[in-house]
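Here is the structure we will look at, set down as structure tokens.
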Amino acid sequence: MKGLVFLLGLLPTIYASLVHITPASEDDFYNPPAGFESAKNGDILKLRNSPNRLASFYFPIDVKNAWQLLVKSEDSFGNPNAFVTTLIEPYNADPSKVVSYQTWEDASNINCSPSYGAQFGSPLSTITTQIDMTLIVPPLRSGYYVVTPDYEGPKATFAVGRQSGQATLDSVRAILKSGSFSGINEDAKVALWGYSGGSLATGWAAALQPVYAPELQKNIVGAAVGGFAANITAIAESVDGTIFAGLITLALNGLANEYPDLKTAFYEELSDFAVPEFKAGAENCLAENIFHYPLHQYFTGPKRAFEKGWGLLKEDIFNKSIQDNLLIGLNKTYLPQVPVLIYHGTVDEIIPIKDPHAQYQLWCDWGIESLEFAEDLSTGHLAETFTGAPAALAWIDARFDGKTPIQGCSHTTRLTNLLYPNTSDSTHSYFLGIYQAVFGTPLGPGINGDNITINSGLLGLVSSII
């Protein structure tokens with residue numbers, strides 16, 4: 001039995017080694033057409049069916065449709081760009097409800113983009129996207145359309161808040177114009193959701209919306225942010241020298257992709273021995289970089305990569321780019337106008353809870369209309385990904401159902417966010433969704449759970465290999 005389980009666990013890796021899907025960097029679809037600069041932000045520049053089936057933890061999922069859209073947007077400086085967003089239609093979809101899910105891509109290479117990593121047959125390097133896809137399955141089971149944008153944009157600007165938030169909003173604009181092929185209503189309700197790196201994009205989208213996309217306020221019913229990345233400097237301080245140290249070179253390269261002068265400055269300050277791993281951070285996806293560089297010290301310790309230590313980040317060229325990307329550094333103009341849920345583990349080992357606390361207090365002091373903080377006393381960053389998901393799903397369901405959100409601010413602590421109100425159905429949906437994805441059940445409401453298709457789940461994986 002153990003041998004069978006081991007073999008089944010290897011099947012996704014075996015399949016990925018046998019199939020080749022075109023990386024984003026080699027796919028012309030990602031390149032905007034001539035003259036795209038004149039298009040409006042949120043316009044659809046290109047459209048195609050997903051080149052391959054989508055997968056959840058490397059098992060192909062059965063959905064009615066999946067499209068890729070190339071969407072017009074702009075970078076942090078107002079320069080036009082274009083990014084890909086993936087739109088998924090479940091069976092028996094409700095055209096009035098869409099979840100915009102921002103993945104924790106956390107990488108500075110376009111070949112780590114969710115539009116590529118979510119495809120069946122994507123390489124093992126994109127495993128974090130495949131894990132993240134397990135969170136997309138429950139909304140699909142509920143009949144919600146799901147859109148997941150490559151919010152880091154064509155330059156893969158991990159940790160760059162404005163680019164990430166704007167792309168998230170332009171993705172929403174695009175899908176609200178997609179009715180001719182997707183069936184989505186122009187006045188559809190949209191819930192934003194993201195965890196960890198995805199919370200950075202989601203939080204910035206909620207903050208930028210009143211200024212960047214004011215017309216979307218009538219559509220966006222709320223934003224759920226978990227493992228809330230409000231302060232990127234504090235995250236670097238938290239992970240330097242720990243098993244998660246590889247996050248640092250990913251984030252620094254992401255910032256440097258948006259600020260070219262920053263990359264030159266980083267290399268001038270790097271110790272010679274650290275240059276190869278800094279370059280690797282520009283190529284690796286999240287899991288690979290974490291695996292290769294645990295316990296490395298970049299700003300602390302006697303053999304740190306940057307001799308100046310944390311003092312380096314106080315120098316003008318570094319400090320400005322970092323300050324530009326601190327959500328907590330925005331002024332009151334960017335107070336979210338939609339309900340917000342923050343869910344976070346008290347003992348989060350990557351994103352210290354003091355920073356989500358500070359962001360919560362700031363927004364409350366500014367008079368936010370609805371802000372709920374669900375603190376989980378028992379979990380760290382990784383565990384809260386999954387124990388907090390049912391709370392986010394229950395909260396999103398309530399927003400779609402038109403239930404009145406928290407008025408003003410509310411901060412609650414629980415032993416676990418699995419005890420969040422009305423999570424029994426969403427917890428069941430989450431774990432049943434994993435089961436159904438593995439065994440190939442079509443995703444959508446009113447679907448017979450025994451209706452397994454040969455092209456999806458475990459059977460689809462085996463048949464593809466055979």
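Just so it is clear, glycine is given a Cβ too, placed from its N, Cα and C backbone atoms.
Bond annotation: of C285, C364, only C285 is listed by Swiss-Prot as forming a disulfide with C112. When the recorded positions S196, N231, N319, N331, N422 are scored by other C-beta atoms within 10 Å, S196 scores highest.
Ranking the disulfide-bonded residues C112, C285, C364, C409 by other CB atoms within 10 A of the CB puts C364 at the bottom. Note on proximity: among S196, C285, N331, C364, the recorded positions of the record, the Cα nearest D348 (active site, charge relay system) is that of S196. In the three-state DSSP scheme, C409 (disulfide bond) falls into the strand class.
The Cα atom of C285 (disulfide bond) lies nearest to that of S196, taking the recorded positions S196, N331, C364, H381 as the candidates. In sequence order, S196, G227, G345, D348, E349, I350, I351 are the residues near H381 (active site, charge relay system), counting only same-chain partners six or more apart with C-beta under 8 A.
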